[in-house]
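Q: Handing you this structure, nothing more for now.
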Amino acid sequence: MVPGYHRPAAVKVNLGAIRRNLENEMKHLDPGQKMLAVVKANAYGHGAVEVAKVAEEVGAAGFCVAVLDEGLQLRHADIVKPILVLGVVSPKYAPIAAVNNISLTVPNFEWLKEAEKYLAKENLQLKIHLGIDSGMGRIGFNEDDEFIEANKFLENNDQFFVEGMFAHFASADSADESYFEHQLEKFNHMKSLLTVKPKWIHVSNTAASIFHKNIKSDLVRFGIGIYGLNPSSNPASADLNPDIKLEPALSFESELTHVKTIHKGDGVSYGSTFVADKDTIIGTVPVGYADGWIRKFQGFKVKVGDKYCPIVGRICMDQFMVELPEKMPVGTKVVIISNNPDDPNNIKAAADYVNTIHYEVACLLNDRLPRIYYEK
């Protein structure tokens, strides 16, 4: 989408908070342990290039993305540190990754054989990380025989440099550690089958790095914590490691573009799901579901000036309406999502309201909303 620079609505990102979150995690790394900053999905909606530059300054060893194009975006922005694509990239694009020094995930043996053909044609070597499905049920090796066969294939194979081996935990943030332990056991078993020697072995995501300090991993893949958000939906989990302070970086702001009084019996928005029972002051905000502010947020309270006001009527594609307690001037500031975790319209509260997780709310805020960066 085209960013709406001439519309009073934007996502604001405090790079100072991002910096402090990264620094706090760096302090908790084990001696010799390194950090990969996860900046996939436009850095969870915060802006991949800007976040990556801060992470480079702080000392991140490299970056994780989800698709090859995200890695290429970083390279085009002169990011030179290692980049790992966590998702599956078609083998035919392996040469593009190799030329741009981007590491790819190997999901299975068949992928290796196909990628080798494309790399051999151009006499290229690709850096790879062996993905292990230890219980996520997503991508990666999960059978011993196939993994052993892949290892033999990689021995003395000039088309590949085995840079890493990794898995992803499904429940590192859960109070019940049984499945976490099952996954760790499975990963360690697969690691014992290695005949090639990766530079990096990594299993720790944000949740594992915060809640499971006993995990031995060359790298920590630090993701949601960069943005100051708790990796767990369990509020008590924030106390599992009180030394790590997470400071939310994102706020979502707009302003009133229209204010009017409607009368008893008047409806608001499509379907007239809100009908005034008395004279009511309505304010219009130029943000809608086309920006990622979905219709389920009807009823959620946003901050208009210094008052919390409910969204009334259905959220439109490009606008939504709020019920105001008093006449307010056009141009009054509207904080849709606050970066203050104590405010009732913080991102966790927004996620709870629509029965999802804050990861999704942040990622929903799309490119039509300009990102404004500041350091505080």
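Note that Cβ sites are derived from N, Cα and C of the backbone, with glycine treated the same way.
What you see is a predicted model, and the numbers here were worked out from it, not measured in a lab.
According to Swiss-Prot, the protein carries these features:
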| type | residues | note |
| --- | --- | --- |
| MOD_RES | Lys40 | N6-(pyridoxal phosphate)lysine |
| ACT_SITE | Lys40 | active site, proton acceptor |
| BINDING | Arg138, Met317 | substrate binding site |
| ACT_SITE | Tyr270 | active site, proton acceptor |
Q: Given the recorded positions Lys40, Arg138, which one's Cβ is surrounded by the fewest other Cβ atoms within 10 Å?
A: Arg138
Q: Given Met317 (substrate binding site) and Lys40 (N6-(pyridoxal phosphate)lysine), what distance in Å do their CA atoms have, once rounded to a whole number?
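A: Rounded to the nearest whole number, the Cα-Cα distance is 26 Å.
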Q: Measuring Cα to Cα, how many angstrom lie between Arg138 (substrate binding site) and Lys40 (N6-(pyridoxal phosphate)lysine)?
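A: That comes out at 17 Å between the alpha carbons.
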Q: Cα-Cα separation of the residue listed as 'N6-(pyridoxal phosphate)lysine' and Tyr270 (active site, proton acceptor), in Å?
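A: Here the two Cα atoms lie 35 Å apart.
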Q: Under 8 Å Cβ-Cβ from Tyr270 (active site, proton acceptor), six or more apart in the same chain: what's there?
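A: Same-chain residues close to Tyr270 (active site, proton acceptor) (Cβ under 8 Å, separated by 6 or more) are Gly313, Arg314, Cys316.
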